Amino acid sequence: MPTYNTVILDIEGTTTPITFVKDVLFPYVTSGLYKFLTENWGSPGLDQQIELLRQQAEQDIEAGIKQAVLIPHETSSNADQVRAAVQQCIEWQMQEDRKIGALKSFQGYMWKEGYESGELCGQVYDDVVPAFDRWKQQGCKIYIYSSGSVPAQKLLFGHSVKGDLLPYFSGHFDTSIGSKIESSSYIAISKAIEANPSDILFVSDNVKEIIAAEEAGFQVVLSDRPDIAPLTQQDRLNRRVVTSFSQIP
């Protein structure tokens, strides 16, 4: 029997190939951005996303980030200017692969249309669902903690190649609870789910995240999937490294 009763999983490079995110999800946004903005311009949902991006841009300017693109407030005569600023703002942040809440929220908002139309289908490794079944049989609770927004997480797992996987999860967390490389975030999650840190297993391909979880008192497993950056000998030192969830005891 495992020495943990709770499992918290990363997505990219852990449950899901990084190539799906980089080669499918991100291009879906960048290639269809102008059309999506044009077709949805003026809708309450899009207005809400733009306001989040606008607030983030203002914070970036205050922080001295030179690439930041300010988004003007819309008037009766500047819709094209605002739309162009929104597009530029999203494009530069995606080029930098920023893990920023406003960007992740917009991406999830746009992906929703793709998942619901069937154009997008969430990918998970073949060993993931059998592990979910095993953990559930052992009485473990399963959570997701990803830099992708909670709505985006639910879209990926709710419209996956393996069907609707959402019933497996007891909850979802994103960076609104804190950075994934800060131990305080993992402590906050353990408090939120009312679990002892030593009873929690965290699985990720990101060594900085693994270190942060270790510092919070979590058990950890380092995911070494084929499409991730090679792990160093130091990364592997004194850690359980798996290439498949079937190798997690």
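Cβ atoms here come from the backbone N, Cα and C positions, even for glycine.
Around Glu12 (Mg(2+) binding site), the same-chain residues at least 6 positions away in sequence with a Cβ under 8 Å from its Cβ are Ile18, Val21, Ser146, Ser147, Gly148, Asp205. The Mg(2+) binding site annotation in TrEMBL covers Asp10, Glu12, Asp205.
Around Lys180 (substrate binding site), taking its Cβ as the centre, 21 other Cβ atoms fall within 10 Å, counting all chains. Taken from TrEMBL, the feature substrate binding site applies to Ser146, Ser147, Lys180.
Listed in sequence order, Ile144, Tyr145, Ser146, Lys180, Phe202, Val203, Ser204, Asp205, Asn206, Glu209, Ser223 are the same-chain residues six or more apart from Asp10 (Mg(2+) binding site) with CB atoms under 8 A from its CB.
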